[in-house]
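S.K.: First the structure, then my questions, so here it is.
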Amino acid sequence: MAAKRKRRRKFQNTGPTAGMQAKARKVFATYTKELLGFAVLIFGAYLGFTLIVSGQESWTVWLAGRMAWPLVFSLLVTGAVMMLGRRSGYWHPEGLVGAELLLLSLAALDYIGSNRFPDWSLPAFGQSAGLIGWGAGNLLISLLGQLPAAFAAGLLALLSTYLLFRHTPLIYLFGYIGQLRQELAEPMAESDEPPSVDLEEFSDADDIETAPSSRHPENGSELQPAAALDDPIPERPSPELTKLPESGRPIKAELPVATAAPSKRRPKSGSTAGRPLKPLRNEEELPPAELLEDDDGQLAWDIEGMGETIQETLWDFDIPVEVVNVETGPTVTQFGVQPLYIERAGQRRKIRVSRIVSAADDLALALAAPAVRIEAPVPGQPYVGIEVPNPEKTMVGLKSILQGKQVAKQGGRLPLALGRDTSGTPIVSDLARAPHLLIAGATGSGKSACINGVIVSLLMYHGPESLRFIMVDPKLVELPGYNRIPHMIGKVITDLEDVHGALTWLLLQMDDRYVLFQENKVRDIESYNRLARRRKKLEPLPHIVLIVDELADLMMTAPEEIEKQLVRLAQMARATGIHLVLATQRPSTDVVTGLIKANFPSRIAFAVTSQVDSRVILDTPGAEKLLGQGDMLFMRPDKAKIERVQGSYVNDSEIKRVVDWWQDRDLLENPKGPAAKVAPWIGLLDRLDDEEELLAEAIDAIRGEKTISASFVQRELKIGYPRAARLVKLLESRGLVSAEPAGGQSRTVLAKAGAGSGEENETLERA
């Protein structure tokens with residue numbers, strides 16, 4: 001029997017329609033919910049059609065009575081939401097169930113209100129409650145009686161209304177109504193008490209306000225994702241096999257005409273993971289795009305001649321290839337070269353990719369280029385990429401990248417406009433998903449310009465309520481210009497002795513945020529901020545970005561302590577919204593240690609002096625062949641291949657305009673003047689040392705005690721009550737005393753032993 005079933009199954013799977021059946025089963029299994037939603041939609045449309053055609057005589061009225069039109073509408077919406085599936089947004093199955101239960105409960109209430117006793121004879125045509133109300137009402141009256149049945153139906157109506165509003169976008173109606181009431185109430189409150197403002201002060205404030213606002217109405221929206229260019233993609237010539245003569249030398253194929261870089265179009269994704277968070281500020285409250293400068297125009301040169309040179313040079317070394325694609329970037333032009341076949345001894349053999357890679361130096365000599373980088377193969381393409389430096393570089397500005405569509409696709413919550421790749425496509429990364437960034441390269445390769453681009457990118461999208469900075473600049477000249485922005489926590493740190501305190505404060509912030517997340521039962525900062533926007537008692541937490549301009553100087557002062565703190569932050573701070581951006585011009589193993597590198601999956605390598613330095617940064621060679629001046633290799637955490645990027649450049653005047661804009665905005669929002677930027681880590685280490693000494697004294701004080709309280713510690717140590725309560729909390733965290741019981745009773749000392757025993761002393765000393 002088993003053999004028969006096996007043969008029958010084999011016969012069924014090999015028939016002429018087996019493929020169609022398998023596809024049909026796969027489609028049905030994949031789109032079961034969508035097909036069911038389509039059926040519900042058709043059924044609702046049919047009920048609505050009969051209701052329109054027959055009116056009160058349609059069997060839809062007999063089925064639902066007064067609920068006929070609501071029933072049709074609910075079926076149409078339910079079917080549409082089921083068909084949309086994941087794209088249905090805030091429509092959830094609970095809300096759809098609530099809508100149907102609401103119709104059922106209202107129909108039952110309609111029937112119960114006019115019938116005291118159950119009547120199981122079929123309802124008359126056109127009865128107000130319909131067949132649905134007749135069935136549900138009779139069932140409830142039979143089981144409970146009229147009044148309890150009405151109460152149960154009303155309770156079901158309230159519950160279904162809650163489900164309907166809680167799990168559908170209808171809940172936002174309450175928010176809109178409250179916002180409208182607040183907007184209507186504010187003008188009335190302002191008209192009741194007109195403020196008395198001095199004329200001179202008013203004119204000064206008006207000057208400050210009109211200066212930045214004049215740039216907003218027309219240009220403030222330009223930072224939002226712009227539509228992609230609709231230029232047609234040029235068709236690539238289909239590569240044909242090169243005919244080989246008897247001598248074995250390939251005949252030169254006709255080179256395709258070099259064109260501009262084709263725009264890469266990818267299908268839209270339904271996932272919302274990479275979509276940017278809706279900013280907390282309006283467009284008018286963010287810097288306009290006009291603060292930044294436009295890109296330089298693309299320069300022209302003999303791209304076709306360069307392609308012919310590449311093809312002829314490789315043919316001279318018996319490497320027949322064909323140039324099938326050309327992509328022009330701001331720094332390099334990538335020629336897509338496809339290896340062909342060569343015929344020898346009556347056999348056709350394809351050229352190995354390794355032979356093309358080994359000819360890199362010969363190509364650089366033929367093209368008179370400083371260096372040629374070969375990407376073998378190009379990810380997702382059937383050809384080898386030969387990257388040749390352009391005769392002249394094109395400056396990549398920040399403005400065009402921030403206005404591009406890539407910010408919406410890949411920018412996320414903390415967008416970084418890094419530059420453009422070899423095809424001219426903008427490269428944007430999300431620091432929140434990175435979650436940290438390591439930048440390394442030789443002196444003058446473009447590290448400081450990259451750091452400025454990172455800072456300005458974040459400043460263009462975030463105010464101080466959603467983003468804060470801590471900056472460390474041992475060079476004293478690169479970052480102090482940002483002291484005037486309201487995003488700074490303290491001032492730019494230039495004294496390396498303060499770095500240890502700043503890192504300690506960041507670690508304490510991380511621990512405090514984790515405690516806050518645990519109390520509110522959330523996992524990360526995004527979940528907490530969403531909860532805080534719903535609860536007025538909670539305040540949203542800003543992201544904190546630590547920027548270190550030179551890591552080597554920090555590692556020289558206290559390598560073990562600094563590395564320990566940086567590694568702990570890199571390992572644990574992602575969920576709390578704390579991110580690190582570290583830069584160094586000495587990428588050696590004693591600076592970029594293995595522990596640091598392992599926790600920084602996002603890395604940028606600028607031009608370095610040796611292949612060893614490239615391997616330290618990227619674990620692969622390649623950075624030693626870069627051209628400098630912003631030419632970099634970018635390693636993403638979610639991609640296996642490294643991208644070559646020309647970094648975006650922000651000049652000093654652009655930085656000054658952005659900083660001035662935020663300073664003026666801060667004066668508008670705080671007319672009394674900005675608050676003094678006092679670093680919270682000043683004196684922190686001394687306070688921690690004092691607290692450790694007090695903790696040791698508190699441990700000595702509780703020896704031999706059965707119960708203690710904060711008042712006991714206060715009397716013994718002669719300190720204030722708040723400090724004593726904090727010491728008791730520390731004792732509890734170390735497991736020396738019990739948790740605080742209900743009613744404010746004394747705590748039990750857990751580390752205790754019998755008289756004369758050394759176990760207690762050993763436990764307390766170990767704590």
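Any Cβ shown, glycine's included, is placed from N, Cα and C.
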S.K.: To which of the residue ranges 643-667, 743-767 does TrEMBL assign the term region 'Disordered'?
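M.R.: TrEMBL lists region 'Disordered' for residues 743-767.
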S.K.: Beyond Gly441, Ala442, Thr443, Gly444, Ser445, Gly446, Lys447, Ser448, what residues of that chain have CB atoms within 8 A of the centre of the ATP site's CB atoms?
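M.R.: In sequence order, the nearby non-listed residues are Gln585, Phe606, Ala607, Gly628.
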S.K.: Would you mind listing, in sequence order, the residues at least six apart from Ala442 (ATP binding site) in the same chain with a Cβ closer than 8 Å to its Cβ?
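M.R.: Those within reach of Ala442 (ATP binding site), by Cβ under 8 Å and sequence separation of 6 or more, are Gln585, Phe606, Ala607, Val608, Thr609, Asp613, Gly628.
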S.K.: Within the same chain, where does the transmembrane segment (67-84) have neighbours whose Cβ lies under 8 angstroms from its own Cβ atoms, ignoring anything closer than 6 residues to its ends? I mean 6 or more beyond.
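M.R.: Here the qualifying positions are 33-34, 36-45, 47-48, 51, 58, 60-61, 91, 96, 99-100, 103, 106-107, 110, 130, 132-133.
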S.K.: Under 8 Å between C-beta atoms and at least six residues away from its ends: which parts of the chain pack against the transmembrane segment (35-55)?
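M.R.: For the transmembrane segment (35-55), the list is 28, 61, 63, 68-69, 71-76, 78-84.
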S.K.: Kindly assign Ser448 (ATP binding site) to one of the three DSSP-derived states: helix, strand or coil.
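M.R.: Reduced to three states, the DSSP call for Ser448 (ATP binding site) is helix.
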S.K.: Just to verify: the residue among Gly441, Gly444, Gly446 with the fewest other Cβ atoms within 10 Å, which of the binding-site residues is it?
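M.R.: Candidates: the binding-site residues Gly441, Gly444, Gly446. Fewest Cβ atoms within 10 Å: Gly444.
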S.K.: Quick one: average pLDDT across the domain 'FtsK' (424-615), no decimals.
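M.R.: On average, pLDDT over the domain 'FtsK' (424-615) sits at 90.
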S.K.: Which of Thr443, Ser445, Ser448 (the binding-site residues) has the most other Cβ atoms within 10 Å?
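M.R.: Output for this query is Ser445.
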S.K.: Give the sequence-ordered list of residues that share a chain with Lys447 (ATP binding site), lie 6 or more positions from it, and have CB atoms under 8 Å from its CB.
M.R.: Ile439, Ala440, Gly441, Asp549, Ala583, Gln585, Phe606
